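One structure is given here, and the rest of the page talks about it.
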Amino acid sequence: MARRWDYDLYVIGGGSAGVRLARTSGALGAKVALAEDARLGGTCVNVGCVPKKLFVYASRIAHEIADAANYGWSIPTPSFDWRVLRTNEEKEVARLNGIYRRLLVESHVDVHDARAVIEGPNTLRVDGRVVTAERIAICTGSVPRRPDIPGAELGMISDDVFVLEELPRSIIVVGAGYIACEFASIFASLGVETRLVARGERLLPHFDREIGLTLQRELAKQDVHVTCERHVMALEKRGDRIAVRFDRGDEKCPEELLADRVLFAIGRHPNCGHVGIESVAIKCKPDGAITVDDEYRTNVPSIHALGDVIGRVQLTPVALAEGTALAHTLFGSRGKIVVDYEAIPTAVFTTPEIATVGLTEAQARRHHEILVFRTEFRPLKHTVSGRDERTLMKLIVDRQTDRVLGVHVLGEGASEMVQTVAVAMKAGATKAHFDATIGIHPTAAEELVTLRTPVKEP
Ligand SMILES: Cc1cc2nc3c(=O)[nH]c(=O)nc-3n(C[C@H](O)[C@H](O)[C@H](O)COP(=O)(O)OP(=O)(O)OC[C@H]3O[C@@H](n4cnc5c(N)ncnc54)[C@H](O)[C@@H]3O)c2cc1C
Ligand SMILES: NC(=O)c1ccc[n+]([C@@H]2O[C@H](COP(=O)([O-])OP(=O)(O)OC[C@H]3O[C@@H](n4cnc5c(N)ncnc54)[C@H](O)[C@@H]3O)[C@@H](O)[C@H]2O)c1
């Protein structure tokens with residue numbers, strides 16, 4: 001029998017959400033095509049998680065070198081070459097682009113290296129051709145925001161860091177979230193004079209307050225100048241440098257500062273431009289994110305949207321989970337699969353790094369009577385290295401049920417620790433379970449199972 005549509009599913013966007021949706025659907029027997037107008041792998045692979053983490057590794061080697069002397073190592077005049085790092089990072093990204101293509105092809109997905117634009121509920125234009133599909137999935141991700149101020153075009157966005165020809169001597173990073181903190185930490189560790197400017201009262205406003213404040217203190221020890229409650233008003237070219245004007249100045253941060261580069265890290269917009277959503281009147285929220293139901297269906301029943309473009313949680317593992325869930329819901333045999341958005345673990349890859357799962361202390365206080373278990377210490381490694389770095393751990397526990405509601409760690413290995421703790425939390429772990437678990441010695445992680453005395457209420 002002739003098919004009514006060219007495809008069962010047409011996926012727009014080859015990032016984390018799109019590739020996972022397409023290849024899982026293909027593997028389940030659907031006839032699938034995917035369009036990507038840039039590089040396969042999307043933000044995460046090309047200008048996000050992966051190249052960023054490689055930069056993080058590079059930056060941490062600087063710390064290892066500094067810590068080596070007291071361990072007996074003498075490393076004569078180390079030097080760093082940004083171009084070598086960039087070249088090797090690009091090679092790895094190209095390798096991953098190839099792997100993504102192979103995974104799609106092996107799942108029988110037709111890959112179209114082109115922009116796809118929706119023209120109707122079941123119709124798209126791809127490379128000048130009209131293609132039809134029973135269902136369309138918009139997985140077009142998000143793009144970095146720039147502030148609406150004079151001279152904003154002089155500043156970089158995170159995408160630009162991955163094509164930076166030379167490491168600047170100085171940088172002003174604007175923002176207080178994941179990207180601002182991660183890049184400030186990377187640049188400072190690589191020897192760039194770094195200033196982080198936040199408009200709010202602290203870094204990482206969506207994280208546990210104490211974690212944000214402690215990060216600020218740790219970054220300051222590494223000579224990152226952190227200035228809070230300051231708004232950037234304008235950027236202006238001054239010879240080879242950029243002048244940044246703030247809303248006010250004081251002795252710690254004057255009203256105007258010069259730097260080689262400015263990086264805006266002030267959040268990301270859902271990427272709905274050039275997708276044709278207006279042609280079928282797809283509804284969006286005021287922030288531009290596409291509105292979907294719990295099956296990622298838009299107001300047009302044949303069109304779905306998932307990943308960053310729906311603006312729920314802009315993290316790769318969430319985009320992947322959404323892709324898997326939708327593929328199984330549409331083409332699997334188990335009925336509707338839903339993503340559990342509760343207690344999503346997340347990390348900020350600063351040095352020292354942060355990882356967290358569950359409620360912050362402030363969030364928990366709103367709905368629970370809680371006990372807070374807390375420890376702050378100098379890690380064993382640094383008792384000899386001499387580095388003045390502290391680790392902070394917090395456990396937020398429901399006083400009545402003993403359930404662990406939140407775990408917050410700032411310190412080396414935080415992300416690796418919290419990923420595993422998140423499993424225990426999903427299983428409904430109580431503080432008694434943590435107490436009954438034997439630690440691994442000597443580690444920092446063992447502190448999580450040896451915290452016995454709650455913090456006294458003020
Ligand atoms: C600097 C940075 C660091 C990050 N680090 C982390 C991290 O450490 N951990 C983490 O979990 N998350 C991280 N993230 C977030 C993560 O990258 C995103 O949440 C994730 O990539 C979203 O996946 P997505 O598939 O929704 O969108 P994307 O990966 O952005 O994919 C969308 C794709 O659609 C394509 N596209 C758009 N329009 C069209 C069209 N009309 N036709 C064809 N193709 C189109 C785009 O070219 C793009 O490739 C980071 C993000 C950034 C910017
Ligand atoms: N490690 C990770 O998992 C990781 C790393 C990077 C990015 N990401 C994802 O990408 C998203 C985008 O990252 P991000 O850091 O750009 O966003 P973010 O939402 O984490 O932080 C944006 C920050 O910019 C501030 N801000 C907004 N407008 C501003 C303005 N006009 N002037 C000054 N400050 C302003 C906000 O108050 C906020 O603190 C994150 O929300 C996250 O989901 C994740």
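The backbone N, Cα and C atoms fix where each Cβ goes, glycine too.
Over in TrEMBL, the protein carries these features:
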DISULFID  Cys44-Cys49  disulfide bond
BINDING   Lys53, Thr140, Gly141, Ser142, Asp308  FAD binding site
BINDING   Gly175, Ala176, Gly177, Tyr178, Ile179, Ala180, Cys181, Glu182, Gly267  NAD(+) binding site
DOMAIN    344-451  domain 'Pyridine nucleotide-disulphide oxidoreductase dimerisation'
ACT_SITE  His441  active site, proton acceptor
Candidates Cys49, Thr140, Ser142 (recorded positions) - the one closest to His441 (active site, proton acceptor) by CA: Cys49
Among Cys44, Cys49, Ile179, Cys181, the most crowded of the recorded positions [Cβ within 10 Å]: Cys181
Averaged pLDDT, computed only over the residues in the domain 'Pyridine nucleotide-disulphide oxidoreductase dimerisation' (344-451): 98
In sequence order, those recorded positions of Cys44, Thr140, Gly175, Cys181, Gly267 whose CB lies under 6 Å from ligand 1: Cys44, Thr140
Binding-site residues whose CB lies under 6 angstroms from ligand 2, from Gly141, Gly175, Gly177, Ile179, Cys181, Gly267: Gly175, Gly177, Ile179, Gly267
Per-residue Cβ crowding (10 Å cut-off), top of binding-site residues Thr140, Ser142: Thr140
Of Gly175, Gly177, Gly267 (the binding-site residues), the residue whose Cβ has the fewest other Cβ atoms within 10 Å: Gly267
Near-site residues: NAD(+), ref Gly175, Ala176, Gly177, Tyr178, Ile179, Ala180, Cys181, Glu182, Gly267, CB cutoff 8 A to centroid: Phe183, Leu204, Ala265, Ile266
Most crowded position, judged by CB atoms within 10 A, among Lys53, His441 as recorded positions: Lys53
Listed binding-site residues (Gly141, Asp308), ranked by Cβ neighbours within 10 Å, top entry: Asp308
Integer Cα-Cα distance in angstrom, Cys44 (disulfide bond) to Cys181 (NAD(+) binding site): 17
